[in-house]
Amino acid sequence: MAREKIRIKKIDNITARQVTFSKRRRGIFKKADELSVLCDADVALIIFSATGKLFEFSSSRMRDILGRYSLHASNINRLMDPPSTHLQLENCNLSRLSKEVEDKTKQLRKLRGEDLDGLNLEELQRLEKLLESGLSRVSEKKGECVMSQISSLEKRGSELVDENKRLRDKLETLERAKLITFMEALETESVTTNVSSYDSGAPLEDDSDTSLKLGLPSWE
């Protein structure tokens, strides 16, 4: 017995409609997942129910897939625009840029003192004021650089003076310590010499005097 073909139309019964929506949604999500796995495709589905509830499926990050879609759609729209419109816009931009480059080049040549033959008195005066203003700014900037260098040199000079004083103090301290060590060595050597002379058996000048005081005969 052949299966009766269901006619596709809106389901009037709300309950039946919700049941059908739930079944069909799960089915289409399953098919999308199978398509992604079998064919190695990026698949994204977005479904809003009759009540406005969002349901979505994506084989990878939904944001990445939507970004690719937006870029693709933008390229398609740009290609579908009449080519004459793009060409006219590009020609207009090119002409404007060319005019700006030409004007800037002429202005630069005039600032260099070139191509001045066609200028009237007013234009020459305007150019002179522009040069004076530029020269004033250059001189001001130059002065700032010179003052900065002077300040840096003064700071470096002060640092060198302090370093020289520190080294001089350190040298004086070392010399003073050496002198003290030398004097202590001399004093120690002098004491050692006196003690050595006393222990070496020097003649006792008071022996005869002692014998006389005791009434003993002298052996001399």
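Every residue gets a Cβ built from N, Cα and C, even glycine.
Taken from TrEMBL, the feature coiled coil applies to 87-114 (among others).
The annotation coiled coil is assigned in TrEMBL to 150-177 (among others).
Feature annotation from TrEMBL assigns domain 'MADS-box' to 1-61.
For 87-177, the entry in TrEMBL reads domain 'K-box'. Per-residue pLDDT, averaged along the domain 'K-box' (87-177), amounts to 82 for this model.
Marked as region 'Disordered' by TrEMBL: 191-220.
Within the same chain, residues 127, 130-131, 134 sit at least 6 positions outside the coiled coil (87-114) and bring their C-beta atoms closer than 8 Å to a C-beta of that stretch.
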